[in-house]
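Undergrad: My questions will all concern the structure given below.
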Number of protein chains: 2
Amino acid sequence: MSEATGVTAAQGFRAAGIAAGIKKSGRADLALVVNDGPRTEAAGVVTRNKVKAAPVLWTQQVLTSGALRAVVLNSGGANACTGPEGFRTAHATAEKVAEVLGCGAVEVGVCSTGLIGEQLPRDTVLAGVEKAAAELAATPEAGTAVATAIMTTDTVPKQAHVTDPAGWTVGGTTKGAGMIAPSMATMLTVLTTDAVVERPLLDAALREAVRYSFDRLDIDGSMSTNDTVLVLASGATGVPADPAVFTAALTRVCRNLAEQMQADAEGVTKRITVRVTGAASEDDAVTIARTVARDSLVKTAMFGSDPNWGRIAAAAGYADAQLDPERLDVTINGVLLCRGAVVAGDRADCDLSGPDITIEVELGLSGGADGNTAEIRTTDLSHAYVEENSAYSS
Amino acid sequence: MSEATGVTAAQGFRAAGIAAGIKKSGRADLALVVNDGPRTEAAGVVTRNKVKAAPVLWTQQVLTSGALRAVVLNSGGANACTGPEGFRTAHATAEKVAEVLGCGAVEVGVCSTGLIGEQLPRDTVLAGVEKAAAELAATPEAGTAVATAIMTTDTVPKQAHVTDPAGWTVGGTTKGAGMIAPSMATMLTVLTTDAVVERPLLDAALREAVRYSFDRLDIDGSMSTNDTVLVLASGATGVPADPAVFTAALTRVCRNLAEQMQADAEGVTKRITVRVTGAASEDDAVTIARTVARDSLVKTAMFGSDPNWGRIAAAAGYADAQLDPERLDVTINGVLLCRGAVVAGDRADCDLSGPDITIEVELGLSGGADGNTAEIRTTDLSHAYVEENSAYSS
């Protein structure tokens with residue numbers, strides 16, 4: 001696993017990230033990722049929010065063909081809640097990409113991120129596409145330029161790749177820092193691979209990878225209008241990927257990207273992992289872990305480095321899942337503080353001063369090989385989170 | 001509606017609130033409310049949290065008889081996650097009240113609030129009961145002493161009463177400021193009435209009143225281990241209550257108390273009402289209103305006086321309820337900002353500088369006499385909330 005290169009780590013891809021002038025700050029705000037083939041399989045997962053941004057509606061349509069030649073992404077505006085006019089902008093952007101690449105607009109995915117409810121400056125975006133097309137390159141620098149151009153409140157570009165001994169590579173980049181959850185959120189991710197991957201495998205592998213990475217990251221329980229994860233396969237190595245190996249590699253890259261998002265979440269001072277074991281089902285494990293991870297009182301306690309296991313037990317208790325208080329154990333950073341929903345260890349033994357906190361909730365309803373477990377990653381609720389999300393519109 | 005008198009507004013009740021020494025600060029921490037009859041009908045609603053505090057388990061048991069002579073309440077400790085030892089403390093407290101009043105322990109409700117996971121000092125509590133019993137009085141001051149003794153992070157005592165032209169009164173007191181929702185939370189409420197009310201009516205009226213008051217208040221989505229609402233009917237006026245009129249009166253008192261809780265919630269700088277109209281069902285209206293009220297990004301925007309309707313539309317869109325974006329309108333403080341999920345008015349026209357904010361979400365899926373609506377009250381997410389909940393254990 002390397003974090004040096006992202007979408008251009010795999011062969012067959014060129015990329016560019018430029019400043020189109022969408023952001024008033026003059027920072028990079030438009031990116032283009034092009035699949036030069038020879039193959040063009042693609043798959044995607046988009047937000048389950050019923051209010052979907054125009055680029056999401058566009059990308060959902062073009063994904064039905066199962067093939068993409070390019071993805072164009074912008075920061076500086078979500079193009080969400082912008083009506084027919086916003087959809088025309090997304091469409092025009094895809095047409096412009098198709099024109100400069102000599103392909104069809106239906107082969108172009110579109111992703112946007114930024115403030116909801118404002119029209120994108122269409123001419124600025126279209127001029128940006130031409131500028132980006134002129135700078136396309138297969139270099140690591142070009143991949144980093146993509147990672148940089150899609151940043152909003154992110155403080156660092158995020159990318160990762162793995163190369164399999166068989167010779168193929170999976171790479172990717174992501175952005176997202178605030179509106180993360182219940183299953184991804186303004187979160188845009190582009191993944192690339194030069195393995196030969198048939199569409200059904202690509203689709204299945206992506207769903208599995210997302211399920212155990214972005215879907216298990218829950219910063220504030222909000223789900224955005226724009227979340228999109230796309231994977232493009234060029235087949236440039238000519239090496240067919242083994243399904244299980246490919247799925248594992250894609251999952252590793254997605255988990256690494258999700259960890260980078262967690263570390264860079266808005267206002268984070270603690271990286272928290274909530275691990276639930278012994279649940280009645282895997283769904284119950286996810287539900288309880290997510291409820292604890294989302295609880296404002298748990299999150300503020302963690303910000304205060306306070307091993308307040310009572311709030312954790314209370315949050316587990318109101319989750320919509322099976323729970324028997326007499327079997328409920330809570331462990332924080334390795335110290336068993338609550339056994340059978342009763343005080344066990346000494347809070348003073350539990351040091352939460354560092355940046356990493358692991359909360360373990362054992363439910364005692366399953367175990368051994370049949371144990372149902374889940375992990376959700378989240379962050380604390382800090383003054384900086386409040387500041388960042390109240391001081392300006394985003 | 002008056003907020004001057006609470007549990008002693010109705011005839012047939014005596015009360016006391018004293019400093020038993022449970023709180024290290026020396027503040028008032030134990031209260032007793034006694035029903036002198038001639039009748040003793042009672043009903044209650046307790047937390048749906050699966051992790052229930054010892055006093056909740058006790059009170060659930062004694063409520064099955066449908067009659068209570070007294071309620072004893074303490075702050076300074078929740079007696080939750082305290083195992084069999086904690087249950088023995090709750091039982092012993094009821095026994096002590098029964099002894100000083102000359103009734104049975106099964107006629108005594110017990111409520112506690114404070115930190116989860118620590119044993120209450122049993123002898124201190126029992127001595128406090130004797131002290132409180134010696135101070136029982138039917139005066140308004142005694143009611144206020146109860147309201148004061150149950151405070152935790154509350155900054156003001158909360159009480160209300162209404163007197164019906166027929167001659168009977170409903171009064172009550174509540175505490176609760178932090179852990180409020182999804183349906184009440186560390187929230188203790190005692191209601192009293194001197195009307196003649198049969199048990200089935202008392203029970204039905206309480207459920208209806210709670211549904212439209214405490215259940216519609218959602219400060220941070222957390223649900224406590226200790227929430228309890230009790231109503232005691234003395235029948236001292238000898239006047240039978242009309243079912244509809246009594247239910248309305250009880251609801252009015254509960255709504256007034258809920259509004260006092262909202263105004264005094266931890267770290268509140270804005271009182272927010274989320275009103276959803278035109279939903280496919282009343283349940284959907286509640287679900288969407290609750291999702292918007294709970295969204296951290298909406299709450300921080302409100303703290304920043306930012307009319308960020310895009311976050312409201314996004315929150316409505318991920319709620320588990322029917323929604324058609326093309327019919328979604330969002331109005332904040334009377335200014336229509338979003339029509340059909342598209343930008344409508346000008347944010348600049350929307351002044352959120354004051355302490356009260358009304359968010360209206362019109363779904364366009366029902367209307368007129370068949371319109372399904374719901375209101376949820378909440379607060380902003382402020383620096384003070386983070387401070388109060390991270391700086392000390394509670």
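Each position is counted from 1, following the chain as shown.
Each Cβ is built from the backbone N, Cα and C atoms, and glycine gets one as well.
TrEMBL lists B:Thr152, B:Lys175, B:Thr186, B:Glu266, B:Asn389, B:Ser394 with the feature substrate binding site. The feature active site, nucleophile is assigned by TrEMBL to B:Thr186.
In the displayed structure, how are the listed features positioned relative to their neighbours?
TA: B:Lys175 (substrate binding site) carries a strand DSSP state (E or B). Under 8 Å, Cβ to Cβ, and six or more positions away along its own chain, B:Lys175 (substrate binding site) finds B:Ser75, B:Thr113, B:Ala147, B:Ile150, B:Met151, B:Thr152, B:Asp154, B:Lys158, B:Met187, B:Leu188, B:Thr189.
According to DSSP, B:Thr186 (substrate binding site) is assigned to coil rather than to any helix or strand.
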Undergrad: Please classify the secondary structure at B:Asn389 (substrate binding site) using three-state DSSP.
TA: helix
Undergrad: Using Cβ atoms only, which of the binding-site residues B:Thr152, B:Lys175, B:Thr186, B:Asn389 are under 8 Å from chain A?
TA: B:Asn389
Undergrad: B:Thr152, B:Thr186, B:Asn389: which of these binding-site residues has the sparsest Cβ neighbourhood within 10 Å?
TA: B:Thr152
